[in-house]
C-alpha cells in the first residue's frame, strides 16, 4: 500500500476519477462559453476488400446533448439511415458496426433524417432556450444559452456529411458548419496524441462503456471524455468552421468583381423603371386606367410616336431628312428608362400639353419603347411576303373597330401644324410598339403584315381618284374592299424590293445599311407628294387574324412564301449583325470570373444523380490549398448560358434599329423575358 501511495504521489499511477453522487465533481473549472454540447458520431458504409469504392454513406445518425454545468446527458437523438448508392451492406461493415441489413432497410433516407434532426434541434431550442454561434463569442447567459457541436475528428461533419449532401444535392443545416474537434482539443490540452477514442478514455481513467463503433455508444463515451476535459480545466472552443469568410486579400479585385455582378444583374432585369422623368409623369397622370392594357404581343417590333408627329404634307422634305438622319442613330445601350429618356430633351412646344387622345397614344408608345423617339414615319417590321396585295380599302372615320384588327401600322394625326424640317430630331433605333389607343385621330395602315405571295417586283400602287375602275371585292358596314389591278401610282418610282432570307435563329434583329433610302422610297406614304385623304386612304388590308393565335417556330421556314419557286435576296438591303454561331452552341464558352477575381474552372458532375453529366463553373482554387482560400463561386453552365443569351438579346435590341419578320419576331418575344408582361391582351377597340 505504501508503494502505491508513493507511486500515486509521484504521478506514476493515475487513479480513476469518480464523480461524486451529489453530481458536483471536485476540481476548479473554467467558465465555459457553451452551456450545452451536442456530440455526434456517424457510422457509415465501409469495405475491406481493397477495391476502390464510392464515398461512404451515413447509416447511423446519433446525437447526445451534454450539459457543461452538470455533465449530464439531457437528451438523445438516434436514427438509422437507408443508404441510396450502395443499399447492401458489406460483411465487414456489419461486423464492425454491428448494424444489420434489416435495420438500414427499415431506416429513412438522409434527407428525411436531416429533417427529423432539425425538428429535434428546434424542440431543444424551445425547451432549453439554446442558440448556435458560428465562432467563439461571449459566455452563455441566463436568457440565451449557447450550444456547439462536438465530434471526434473532423471526419463526421467535415467529410462524411458534407460530401454526401453535395452528391445527393441536399441542403445541410447551417448550424452543422461549425464544430469542436475533440481529438485536436485533447492533443493540445494534454500535450499527447490519443490512440483512438478508447485509448483517450483509458488515458484519463475512464472505461469505454457499450460497443465500439456503435454510433450511439461512441457519442455517449465522447460526451464523457468532453466532460472529463471540462473538469480538468479545458475551455471548449470552435476548432473548425465551413462558413464563408470574406478574404482581406486583393480588395480591388473584390470590388471589381462586385461591380461586374451588379452589371450582370442589371442586364438580366432590364428595363427596370426607377423613376420616370417629369414629362413622363405628366403623361402617365392622365391615363391610370390604360396602364394595364398597353402592350401587345408585337410590342418590340414596330415604331411608335412620341413627341412631335410628322404631318402628312411635305413628304419629300421629310424623306430627305430621314435619309440624312440615319447616320445619327445612337448605338449606346442602357437598361434603365431614366437613362434612356433624358429629362434634358424637352418635347416641342406643340406637345407640352397634348390632348387626351394624344396623351393616350403617347403614353402607350413611351411605355413600350426603350429609347426616346421623336419621329416615326414608316413601320420597321418587314412583312414575310414578296408582293403587296392589289386591293384597296376605303373606310369612314368611325372604322376604328376594324382598324384595330390590323397591326404594325403608322399612326398619323388628322390635322397638325407642320414642323420645321430643318430642326427634325434623329430617329431612334430601337424596337418599339405601335399605339392604337387614339380613337379621335385618323389611322392609316401601311404595308400589312400578311400580303399576297407573288412577285414583289410587280408592286403597284393605286391613286386616290381611281374608284371608277374598281370592282367591289368585300363590303361591310365599316369598310369596302376594291379590286384595283392595272392601276399604277404616278409618283411611285421605287425599284424592286428584295428581302433577305430568314435563317432559323431566335434573334432576328438586323441593322439598316446604306440602302435605307431605297427601302423607304418604297413606302407609298413617302413616295406620294400629296396629302392623303383620311376618308379613303389607299392602303392594302391584311387578312383578319384571330385575337389569340399561337405561333409555332418552324426551323426550316424563311421569308420566302410557300407558293413562290424562287426567292431573290439582296444582301445590301439588310445586313445581319447577330453572330449565328454562338459560342455556347458550339460547346465553347469563356468561363466567367469567380468572386476572387480568377477565371473559373469548368467541371462536369460525374456522380450519379439528377445532375449527372451537367457542366458547372467553380473557383479554380482548391479547398486543400493552405496558402489560398476558395471563394466558393459556383454556377451552372445552363444558367450562365441563359444569362448571356438574355444579355445578348438586350444589347442587340438597344444598339440598332431592328427589322424582323412577323414569325421570327414572335419567337423573339417568346424567348426574351421582360419584367413587363408580354402576354396577349385586349385590342384597343375591345377595351371599352
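Just so it is clear, glycine is given a Cβ too, placed from its N, Cα and C backbone atoms.
Small disclaimer: the values here were computed from a predicted structure and weren't measured.
Feature annotation from Swiss-Prot assigns domain 'Exonuclease' to 37-226. According to Swiss-Prot, the Mg(2+) 2 binding site annotation covers 41, 156, on the basis of similarity to another entry. Here Swiss-Prot flags 41, 43, 218 as Mg(2+) 1 binding site, drawing on similarity to another entry. If you look up Swiss-Prot, you'll see 43, 213 marked as AMP binding site. The active site, proton acceptor annotation in Swiss-Prot covers 43, 213. Residues or ranges marked as region 'Disordered' in Swiss-Prot: 337-367, 523-546. Positions annotated as compositional bias 'Polar residues' by Swiss-Prot: 337-360. Under the heading Zn(2+) binding site, Swiss-Prot lists 594, 596, 619, 631.
Structure coloured by features recorded in Swiss-Prot.
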residue : record                : DSSP (3 states)
41      : Mg(2+) 2 binding site : coil
156     : Mg(2+) 2 binding site : helix
213     : AMP binding site      : coil
218     : Mg(2+) 1 binding site : helix
594     : Zn(2+) binding site   : coil
619     : Zn(2+) binding site   : coil
631     : Zn(2+) binding site   : coil
Long-range Cβ environment of residue 619 (Zn(2+) binding site), under 8 Å and at least 6 residues apart: 594, 595, 596, 598, 600, 601, 630, 631, 632, 633, 634
Those binding-site residues of 43, 213, 218 having Cα within 10 angstroms of residue 156 (Mg(2+) 2 binding site): 43
Cα distance (Å, whole number) from residue 41 (Mg(2+) 2 binding site) to residue 218 (Mg(2+) 1 binding site): 6
Shell of the Zn(2+) site beyond 594, 596, 619, 631, same chain only (C-beta within 8 angstroms of their C-beta centre): 595, 597, 598, 600, 620, 621, 630, 632, 633
Cβ-centroid neighbourhood (8 Å) of the Mg(2+) 1 site, 41, 43, 218 excluded: 42, 60, 62, 156, 213, 214, 215, 216, 217, 219
Under 8 Å by Cβ from residue 41 (Mg(2+) 2 binding site), same chain, sequence gap 6 or more: 62, 151, 152, 156, 215, 218, 219, 222
Residue 213 (AMP binding site) and residue 43 (Mg(2+) 1 binding site), distance between Cα atoms, whole Å: 7
Spatial neighbours, same chain, of residue 213 (AMP binding site) - Cβ under 8 Å, 6+ residues apart: 43, 96, 97, 98
Mean of the pLDDT scores, which run from 0 to 100, over the domain 'Exonuclease' (37-226): 91
